[in-house]
Structures are given as structure tokens and as C-alpha cells.
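Straight from TrEMBL, the features:
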- B:35-55: transmembrane segment (TRANSMEM)
- B:75-100: transmembrane segment (TRANSMEM)
- B:112-130: transmembrane segment (TRANSMEM)
- B:130-425: domain 'NADH:quinone oxidoreductase/Mrp antiporter transmembrane' (DOMAIN)
- B:136-154: transmembrane segment (TRANSMEM)
- B:166-188: transmembrane segment (TRANSMEM)
- B:208-230: transmembrane segment (TRANSMEM)
- B:242-262: transmembrane segment (TRANSMEM)
- B:268-291: transmembrane segment (TRANSMEM)
- B:303-323: transmembrane segment (TRANSMEM)
- B:335-357: transmembrane segment (TRANSMEM)
- B:377-394: transmembrane segment (TRANSMEM)
- B:457-477: transmembrane segment (TRANSMEM)
Amino acid sequence: MNSVLVFALAGVGLIGLGLYGLLVQRHLLRKVLAFNVISSGIFLLLAGLARRAPGAEPDPVPQAMVLTGIVVAVAATALALAMMLALRSATGRTRLKDHGDED
Amino acid sequence: MPMLLSGADWATALVFVPLLAALACFLVPRAAGWLGLLAALLILLATLGLVQGLLADGPLRVAVGGWGAPLGIDLWADGLSAALLLMTSLVGLGVSVYAPGYFAAHPEQRRWFWPLWLLLWTALNGLYLSADLFNLYVMLEVLGLSAAALTALSGSATALNAAMRYLLVSLLGSAAYLLGVALLYHGYGTVDIALLGERIEAGAVATTALLVMSTGLLLKTALLPFHFWLPPAHGSAPAPVSALLSALVIKASFYLLLRLWLDLFSGLGGLLSALLPELLGLLGAAAVLWGSVQALRQRRLKLLIAYSTVAQIGYLFLAFPLAGAQVNALAWRAVLYLALAHGLAKAAMFLSAGSLLQFAGHDRIADLDRAVQRLPLTLTAFVLGGISIMGLPPSGGFVGKWLLLESAFTQGRWGLAIVVLLGGVLAAGYVFKVVGYAFTPTEIAQEGEAVPLTMQWSALLLAFGAILLGFSAPWLWPLLEVGAPFMQPVAEIGMAALKEIGAIPAAVVTGSGMLEAEILAGSEVGTGRETWIGAAP
């Protein structure tokens with residue numbers, strides 16, 4: 001098993017785990033964390049799968065992309081957490097209201 | 001006009017002007033209204049400059065700061081991007097004129113509206129101008145984050161709930177898109193759309209990338225099974241924001257999907273490339289019918305308009321099954337016309353709904369209480385927008401639906417034609433439902449608040465724009481021809497711009513799959529394509 005395959009499988013595993021969390025967990029904090037797990041999986045894929053010749057310098061482009069992606073994910077997480085807190089102070093809930101119980 | 005600035009300068013200005021204005025509005029909130037309006041005018045000017053440049057010199061590729069691919073950021077503009085940029089700047093100007101009046105009644109929201117809206121505008125312009133997939137991802141995220149924040153602007157429990165759901169959906173959508181970018185980079189070693197179009201070939205990597213990227217973008221575009229987040233978000237946001245979300249934000253992810261399909265995936269061939277357009281068409285048809293019926297059932301005006309958006313999104317996807325076998329790209333033009341007309345008309349309708357809401361303090365359709373006599377300009381704007389949504393002549397919506405029908409008839413796709421017509425009839429139903437109540441007095445007469453004239457006129461002018469779009473074909477057609485976005489993959493022209501033309505005719509022939517083989521089987525079609533290839537270098 002070469003390193004690329006390890007990275008790829010770990011990345012896919014993380015994405016699956018995060019997707020499951022995002023869809024199944026109801027607490028918003030857990031959803032936000034699940035999104036971060038998905039992002040980590042994608043970053044792992046991006047950096048691990050980048051094409052590289054054996055022995056040559058690693059390709060800098062995917063690393064630049066992962067760095068940008070991390071910045072984006074941090075900003076998104078901050079906004080999601082702020083919005084979650086605002087939702088809690090407005091309604092006292094930390095989960096989304098379902099379509100079934102709309103007023 | 002003397003050409004002091006080139007097309008490249010205008011394109012760069014389209015990204016930098018809203019970005020700098022957003023920062024300025026954040027730093028100097030007191031001047032935000034004027035700064036925003038000034039930025040809107042400058043952006044319109046830059047868009048017109050870019051359009052003029054494109055018409056004179058053809059498609060444009062700019063290496064920002066002289067860096068160039070792979071590490072630099074390249075901008076790319078052709079007829080498709082220019083048409084959407086033009087619509088964005090018109091709607092943007094209309095909303096920027098409307099907003100000061102609206103937020104005078106909601107001063108606590110005004111502070112955040114301007115920076116967020118200008119940031120949203122930066123992302124829209126950047127998205128329409130980006131030449132590489134990763135830059136598109138960043139723009140998509142900026143767009144999603146600023147749109148979700150704008151949705152939450154009113155701070156009410158309903159709005160926060162809707163905004164939170166929208167944010168999570170939007171983040172999942174862009175994560176799926178980024179996964180596709182990672183796969184494509186792994187497979188082909190580049191994220192530049194032009195280079196990718198040259199290198200991409202059928203296989204597991206391309207298929208998986210196509211699947212995850214389209215799922216992500218469909219989630220963001222709110223096509224039928226993924227539409228669940230749209231009505232609460234668009235219905236509970238402040239009116240100017242609803243107008244922006246419905247008219248502009250949805251179009252951006254649709255544009256990206258269209259761009260990917262046209263430039264990367266449509267030529268791949270194989271089972272998926274044949275089935276996906278049919279599936280999208282089916283979902284689109286279901287969205288048209290289901291969204292329209294839901295719109296008819298709504299009791300609140302803004303939710304009605306939001307469900308109408310669900311239906312109109314469906315129309316955009318009807319073109320996928322129709323465009324496969326047509327080289328003159330009638331269906332693509334039809335759909336672009338529908339997208340532009342929907343942008344102007346839906347902005348006008350949401351802005352009118354905002355004026356009615358401000359006037360009466362509620363948006364219950366049954367209690368509109370003679371709104372027609374008391375806010376005649378606003379109701380006119382709503383009805384004119386509605387005419388374009390229904391697809392009555394001479395509006396832009398009419399031209400779009402006419403082209404779509406023509407395309408369906410010539411291919412004998414009667415089912416799709418019936419959906420187009422039925423959607424129009426249902427739209428007439430929900431527009432006239434509102435108009436009917438607006439003529440009817442309620443039992444208890446209601447007092448109204450004054451609505452500033454800027455709010456009424458900006459909605460009315462946007463609605464006029466949607467109608468005038470019906471007459472604009474003579475000058476919109478040549479613009480759409482720039483770079484021939486619907487005729488052949490952008491890769492070929494992009495490569496010309498990169499001065500790396502090699503085996504373009506060979507690539508077209510070898511890269512063609514089932515659908516293109518069908519195209520080439522028709523003699524007329526085949527000659528059209530060959531003529532162009534001959535003329536290209």
C-alpha cells in the first residue's frame with residue numbers, strides 16, 4: 001500500500017464520517033464540527049493526491065490550495081458559530097427547527 | 001468614448017471596486033449609503049466598458065498582476081459572463097437605490113447591509129470572471145458566507161433558523177465542489193478551465209468529479225430535491241436581500257454548473273454524459289410544476305415569490321436535455337434569456353413586496369386591501385415583473401420561453417413543451433391571485449406607512465428592464481457570440497489566448513463522445529463546427 005492510497009482512503013473516510021455527522025447529528029455545534037471533518041478529509045485528499053514525480057520536489061500548488069482552504073474553513077466556522085450563538089440567544093434552541101414544526 | 005481603459009482594466013475594476021467599497025463601508029458606516037451607490041454606478045460603468053471591449057476585441061483573458069497560471073489568478077470574460085455581469089450590475093444598481101429607503105425604517109440592519117452586500121457583489125463579479133476552478137471555489141465560498149450573513153440580517157428567530165440552514169447547505173455544496181476540484185487536479189494536474197478542457201478525458205476521475213461537483217452546485221442552486229432551504233431563507237430575509245438572493249445568488253451557482261458542463265464535461269461522452277442532462281431536465285420539469293403549485297398555495301407574499309423562484313430555477317434546467325443535440329445552441333440561449341429575465345423580474349417583485357410590507361406592516365396576501373390604489377407604482381412593478389415570469393409578450397421571459405418551446409418542438413420533445421406552457425399558466429394563477437387581492441378592500445380598512453419614491457421607482461425600473469429585455473435581442477445576440485460560449489469548449493479559445501494551440505481540430509474529433517457523434521451525423525451541424533475550427537487560428 002503506497003502513501004497516496006493511504007492518504008486517499010483516510011480522506012474519503014473522513015469525508016464519509018463528516019457527511020454522516022452533518023446529516024444525522026441535530027445539535028448545531030456537532031454539525032459545524034462535522035463540516036470541519038469533511039473539510040479536513042478534502043484537504044487530505046488535495047495534498048495527498050497531488051501528482052509528484054518520485055524523488056522530485058513536491059508540487060506547491062495543492063499546498064497553496066489547502067492553505068487557502070483552511071482560511072476559508074476557519075472563516076466559515078466562525079460565521080457558523082456566531083450564527084449558532086445568535087440563534088440560541090433569540091430562541092433558546094441549539095438545533096434547527098424542522099419543517100414539520102413550523103408555526 | 002475614447003478608450004482610456006482597456007477591457008482588462010474594466011475586468012479588474014469589476015472585482016476591486018466592490019471589494020474596496022465593502023471595506024470603506026465597513027470602516028465608515030455613516031457614509032455607507034453614498035459609497036454603495038457610487039460603487040454601484042462605477043460597477044455599471046465598468047461592466048459597460050467591458051462589454052464594449054468584448055464586442056470590439058473578442059473574449060478576454062487577463063493575468064492579474066502579471067503572474068499568470070498556475071500560481072497567479074487569471075480572469076476570463078466571454079459573452080456568457082458579460083451577459084450575467086450586465087444583469088448583475090443592473091439589479092445591483094436597482095437594489096442599491098432601493099436599500100437606503102428600506103433601511104431608513106430598519107437602521108440597525110443598515111450598518112451591516114452595505115459591507116455584506118458589496119462583498120457579495122465582489123464574489124458575484126469574481127465568479128463570472130474567474131478562469132480557474134480553485135479561484136471559483138474561493139468566490140463561491142465568499143458568496144455563500146456573505147449571502148448567509150445577509151439572510152440573518154433581521155435577527156428574528158425565523159430568519160436566523162433559515163440562515164443557519166442556508167449556511168450549512170451552502171458549506172456542504174462548496175465542500176462537494178472542492179472535492180471535485182481536488183480530483184480533477186489529481187487527474188490532470190491543473191485547475192485552469194482552459195487547460196483542463198484540453199486535458200480532460202473520460203474515466204473514473206472525470207465521472208466522479210462531475211458527480212460531486214454537480215451535486216454540490218445543484219444543492220446551492222436549489223433544484224427540486226435540494227430546494228428545501230430556499231423558501232424559508234428567501235422569504236424571511238429583508239426585502240432587498242431577498243431580491244439579491246433570488247435574482248443573483250442562485251444564478252451564480254447555475255452559471256458555474258453551466259460553465260463546467262459546457263467546457264469540461266459535455267464532450268466526454270459515455271453513459272453519464274448522456275443520462276445526466278435527461279435527469280436534470282426531469283428534475284427541472286418537476287421543479288416547475290411543484291414550485292408553481294406551492295406558490296399558488298402560499299398565504300404570504302414573500303413566500304409566494306420564493307416558491308416562484310423554485311419553479312423558475314426548474315426552467316433553467318429544461319435546457320440540458322434540449323441542448324444536447326443542437327449545435328446552434330438555441331436551448332442555451334433560451335435559458336440564458338430566462339435567467340436574465342428572471343433576475344430583473346424577480347428583483348422587481350421582491351422589492352415591490354418589500355414596499356408593500358413596509359406600507360402595511362405585514363405581507364399577508366389576503367389583506368392587501370386596495371394596495372393598487374394606494375401604491376400604484378409598486379403594484380405596476382409587481383405586475384410587470386409577473387408578466388415576464390408568466391412569459392407573456394413582449395417581455396424577456398417571453399423570448400426565453402419562446403426559444404425554449406421552439407427548441408422543444410423541433411426535437412419533438414412534447415413533454416418538455418407542455419411543462420413550459422403549464423408553468424406559464426400556473427404563474428399567471430399566482431400573479432393574478434396577488435393582483436386580485438390588491439384590488440379588493442378588506443373589511444377593516446388599514447392605515448399604511450408612507451413608502452419613499454426611490455423604493456417604488458427602483459422596483460418599477462427593474463420591472464421595465466425585464467420587459468425591455470424582450471426587445472434587446474438585436475444587441476444581446478452579438479454579445480453572446482463573443483467567444484461563442486455555447487458553440488465549443490472554452491478550452492479552444494482559451495488556449496489561443498495562451499498561445500498554446502496545438503491539435504485543436506484533432507482534440508475536437510477525438511474528444512467527441514456519443515452526443516457529439518450525433519451532432520456530426522447531421523450535415524448542417526457538422527459544417528458549422530468545421531467552419532469555425534477552420535477560422536479559429
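Backbone N, Cα and C atoms are what each Cβ position is placed from, and that goes for glycine too.
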Leading contact stretch, B:166-188, B:242-262, B:303-323, B:457-477 vs the transmembrane segment (B:377-394) - CB distance under 8 Å: B:457-477
Contact set, same chain, for the transmembrane segment (B:75-100): CB under 8 Å, 6 or more residues outside the stretch: 7-8, 11-12, 14-15, 33, 36-37, 39-41, 43-44, 47, 50-51, 54, 59-62, 64, 113-114, 117, 121, 124-125, 128-131, 193-194, 240, 243-244, 247-248, 251, 255, 258-259, 336, 339-340, 343-344, 347-348, 351, 354, 454-455, 457-459, 461-462, 465, 476, 479-486, 490, 493-494
Distant-in-sequence neighbours of the transmembrane segment (B:457-477), which means Cβ under 8 A and at least six residues beyond its ends: 83, 90-91, 94-95, 97-98, 337, 340-341, 344-345, 347-349, 351-352, 355, 377-378, 380-382, 384-385, 387-388, 393-399
For the transmembrane segment (B:35-55), distant same-chain residues with Cβ under 8 A (at least six beyond the ends): 1, 3, 5-7, 9-11, 13-14, 17-18, 21, 24-25, 28, 77-79, 82, 85-86, 88-90, 92-93, 96-97, 99-100, 114, 117-118, 121, 125, 478-479, 482-483
